[in-house]
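Participant: Pasting in a structure now, in structure tokens, and then I'll have a few things to ask.
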Amino acid sequence: MAGNGMVVIFDFDFTIIDYDSDDWVVEKMGVTDLFDELKSNPTISWYSMMDRMVIELNSQGKTMEEIAGCLKQVPLHPHLISAIKTAHAFGCDLRIISDANTFFIETILENHGLLECFNEINTNPWFIDQEGRIRTSVLKEGKKRFIYVGDGKNDFCPSLRLHESDLLLPRRGFALWDIICNNAVAIKAKIYDWSNCEELGNNLLDAIDSISVGTNNQDTSNTSMLIPVDCKFQTGSLASHESAGKALRIQN
């Protein structure tokens, strides 16, 4: 199994980790009351809200080291860790596209020895301000074949950019899977669904293997197309969620 010319794109929250990284920090650092208050305000964006939460943590005397220590407690399934390292060793180009942030993602990946496995992380940047506080801000390839791994509704638009030669790995029971089941005709890529990290690890390696034994003269894509954006799409309703699931299943 060789991964040369193969790009694997992951979401982060509820995909690489089985949690929402923002919620993890908020809960572990004990600032859920302010978080719930801000969430009830429909005029504030998620990114502004998380920036406000970090300012609050700093005002309580929480340091970057303490926040990083909290993030280092986030577990990853050992099977998925092994699969990511294997894919990297085979030469796959591993990338992350997420609406989380660089500090959270890089801290978690580095703690599990995975940061060097990823060639690119597209997410919201964080920076150090003049007072030493961490703050958040809102954010051409050759021939490639893509594997996209995700769970949320924001992962659907990138999925529409995939070609017949690409693979999509949506998480069953989450928003992306539900949207796909109601819009199956819009997806060109082959689909390998998964429900837990062990299954994701197996399906990821199966997907890489299925591409590596195929032909290499497939259509091209550009990763700039895959960054989650708001979009409109035509719906193609299926008879039922159950029948959609059967139609989308790929036999291993």
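Placed from the backbone N, Cα and C atoms, the Cβ positions cover glycine too.
Heads up, TrEMBL stuff is auto-annotated, nobody curated it.
Since we're looking at a predicted model, the values are computed, not measured.
Sharing the record's features from TrEMBL:
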ACT_SITE  Asp11  active site, nucleophile
BINDING   Asp11, Asp13, Asp151  Mg(2+) binding site
ACT_SITE  Asp13  active site, proton donor
BINDING   Asp22, Asp99  substrate binding site
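For the listed features, I'd like the structural context: burial, neighbours, distances.
Facilitator: In the three-state DSSP scheme, Asp11 (active site, nucleophile) is classed as coil. Within its own chain, Asp11 (active site, nucleophile) has Ile96, Ile97, Ser98, Val149, Gly150, Asp151, Gly152, Asp155 as residues 6 or more apart in sequence whose C-beta sits under 8 angstroms from its own.
The secondary structure of Asp151 (Mg(2+) binding site), as reduced to three states from DSSP, is coil rather than helix or strand.
Sequence-distant neighbours of Asp13 (Mg(2+) binding site): residues of the same chain at least 6 apart with a C-beta under 8 Å from its C-beta are Tyr19, Asp20, Ser21, Asp22, Ser98, Asp99, Ala100, Asp151, Gly152.
The number of other Cβ atoms within 10 Å of the Cβ belonging to Asp99 (substrate binding site), over all protein chains shown, comes to 20.
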Participant: According to DSSP, which kind of secondary structure is Asp99 (substrate binding site) found in, if we only use helix, strand and coil?
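Facilitator: Assignment for Asp99 (substrate binding site) reads strand.
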Participant: Using the Cβ center of Asp11, Asp13, Asp151 as the Mg(2+) site position, which other residues in that chain lie within 8 Å, going by their Cβ?
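Facilitator: The surrounding set, listed in chain order, is Phe12, Phe14, Thr15, Ile16, Ser98, Gly150, Gly152, Asp155, Arg171, Phe174.
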Participant: Neighbour count, 10 Å Cβ-Cβ cut-off, for Asp22 (substrate binding site): what number do you get?
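Facilitator: By my count, 19.
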